[in-house]
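Q: Handing you this structure, nothing more for now.
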Amino acid sequence: MNKFSTILSHTYITKVKTKSFIFSTLITLLIIAGLANFQSIIDMFAGEDSGEIAVVDESGVYTEALQQSLAAADENIELVPFDGTVDEAKAAIQDGEYGALVVLTESEAQIFDATYFANTITESGNQMIIEQHLQQLKIAIATQASGIDEAMIAEIYAPIAFEAVALDESAKTEEELNQARGIVYVMLFVLYMTVMMYGQMIATDVATEKSSRVMEILISSAPPITHMFAKIIGIALVGLTQIGLFIIVGYTLIRSKQEELVGGVFELFGVQDTSPMIFVYAIVFFILGYLLYATLAAMLGSLVSRIEDVGQLTTPMMMLIVIAFMIAIFGLGAPESTFVTVTSYIPFFTPMIMFLRVGMLDIPIWEIALSLGIMVGTIAILAYIGAKVYSGGVLMYGRSGSLKDFKKALVLGKKEK
Amino acid sequence: MTLVLKEVTKRFQEHTAVDRLSLEIPEKEMFGFLGGNGAGKTTTFRMILGLLDSTEGEISWNGESIDYDKSHLIGYLPEERGLYPKLTVKEQLVYLGKLRGMKKHAILTELEYWLERFKVPEYMTKKVEELSKGNQQKIQFISAVIHKPELLILDEPFSGLDPVNVEMMKEAVIDLKDQGTSIVFSSHQMHHVEQLCENLCILQKGSPVVHGALKDIKRSFGKKNLIIHGDIDFSFLKDFQGVTSYQKGAQGCKLQIDNEQVFQDILSAIQGKGFIRKFDLEEPSLNDIFIAKVGASYE
């Protein structure tokens, strides 16, 4: 146990001290800070480049109506009637006097036609807003002309009341489903990132020790299985440190901007008032999922003798997690399909897909227990095989990257008595 | 404190890497463990260290089998350098020392002693990748002995070292032996083995072809070297009765002869042929024995 903690703390400390860890953590924290201040940043730039928009209005009656319409919608667009010809207005835009130009021409069929001129039309925000308001304006004018009452118009355009109600009493309500969907999203994403990052980290770390041949000394001091699990848990702690930092910083930032953000973010992820059980499941599935993939990664790492080959060997593992992710995304829309049910029992997919089902559906406890059992069993088997392959693999040098190596490592690691 | 290998065999599928190897290495002894490339030396070391299980036979230290509870009693210097390139010497050895069951302050005391002894105290905070090959070897050596092992396995400990450093490390090895460490020494540099080991074994395809005390091995080898320097043509000695090998040198020739009788015969054969500056009978070197025993199988 003493050796276990030595390896664990060594793995943890050396990893946390690396430049790549510090940089990636800092950059992610910056991104989080950026996201938290997203609105302020947008506002900061928005004020500058909106600019005045010139309007050349042949009839002279629409400009005011459009201005009113924009003002009513609280849009940050200023319309300025332009006295002069269209060509003069265009020249004024090219000189930078105005941001854009809207030309309104009367038309038989359409009441009026509009043309939008700007130096570039890549920024579509203002265009769309103006188009939208002109559309409304046209409807208003047209209906007025045909003598329909405005209240009637509002009625026609009002959205219908549509609500989905589940009859099964234990089934989740729409609101609950939305919340679950949010949590499932977060979980899927976190698990996906974790396996991608830390799985790779484990495989690379093992391969580094192997390629620098320090492994031979390490496993002559401590049993390979101790070494393997100390490494897996050490890196799990590195991951927790990193994710923990993100959560603390993220949470603090959100708290400090409570008014703007809290409702939005929490509603988005549906974490406001969900049952605590779902969090327990999230943690259980997350831990098991990590262990499963980490064991696999350590085993794969032990098979290569050059760091360059790590990618080649871990690709199938990455594919597994990508497939799991994709099934899960599909499953969010159709959690009850047979396909999702079946795949939720495949241990490599369970942490994502069974969790999705737990979150979205009302699943009997035995199904959850069964899938957890299968996962624990698979982890045990993987750990057993992994430890054998590991003890053989770390003694194996040469070209690597095939199943043959896997067999060879198993033979090397075989206990003879 | 004795290391005993009893009829140890290791088979990888059809291939037999070590074949019924029996050895006994007592305390305060440096045992030469030789063999050609791929003879099974590393496999044997790995079995002693418990990294591999033997297919048959037993390995014991003081009558007990070796497992991870005893890892603090064993030191291992592998043939290939095995250190973390990105860690400093201090971080490196604190970690490796702890894994051998040492406390941090004890490790630092020992580390200072050894760095001082190898005249490189300034390496304490240097990264291993910044050191030269020979200096890395010193660090590797320290990592093998820092925990004062009772059994020390040295696989090519002097590779990459200049002659001054070789002497420095040799002294250290001899000191360790005198303090009671049992040492298994493996090298392709026969003169080192000859100088350091009293007992040795030469492994050939997994089983010993020569095994015993160096003196006895030399005596029983029978053949001796005869060195003759002179101005005459010695080529007729190539086919002389009792001469097993002939090597032409700049000043004369070097012969390997079957026994002392041949010495007399040659002496009388070359008498009167010309001026002889040197006519010298030598014990065979370990190198000769190695080549004779191991080289035979290559032909």
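Here the Cβ of each residue, glycine as well, is placed from N, Cα and C on the backbone.
A TrEMBL annotation is a machine prediction, not a hand-curated record.
Pulled from TrEMBL, these are the listed features:
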- A:19-387: domain 'ABC-2 type transporter transmembrane' (DOMAIN)
- A:21-42: transmembrane segment (TRANSMEM)
- A:183-207: transmembrane segment (TRANSMEM)
- A:228-254: transmembrane segment (TRANSMEM)
- A:278-301: transmembrane segment (TRANSMEM)
- A:313-332: transmembrane segment (TRANSMEM)
- A:338-356: transmembrane segment (TRANSMEM)
- A:368-387: transmembrane segment (TRANSMEM)
Q: Decide whether the stretches the transmembrane segment (A:278-301) and the transmembrane segment (A:21-42) have at least 3 CB pairs under 8 angstroms, with pairs required to be 6 or more apart in sequence.
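A: By the criterion, they do not touch.
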Q: Report yes or no: does the transmembrane segment (A:21-42) come within contact of the transmembrane segment (A:228-254), defined as 3 or more CB pairs under 8 Å with a sequence separation of 6 or more?
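A: Counting Cβ pairs under 8 Å (6 or more apart in sequence), the transmembrane segment (A:21-42) reaches the transmembrane segment (A:228-254), since there are 3 or more.
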Q: Taking A:183-207, A:228-254, A:338-356 as candidates, which has the most Cβ pairs under 8 Å with the transmembrane segment (A:313-332)?
A: A:338-356
Q: Go through the chain and flag residues at least 6 beyond the ends of the transmembrane segment (A:183-207) whose CB is under 8 A from any CB in it; none is fine as an answer.
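A: Same-chain residues near the transmembrane segment (A:183-207) but 6 or more away: 11, 15, 215, 228, 231-232, 235-236, 238-239, 243, 269-271, 274, 278-279, 282, 285-286, 289-290, 293-294, 296-298, 300-302, 304-307, 309-310, 313-314, 317-318, 321, 324-325, 328-329, 332, 351-352, 355-356, 359-360, 390, 394.
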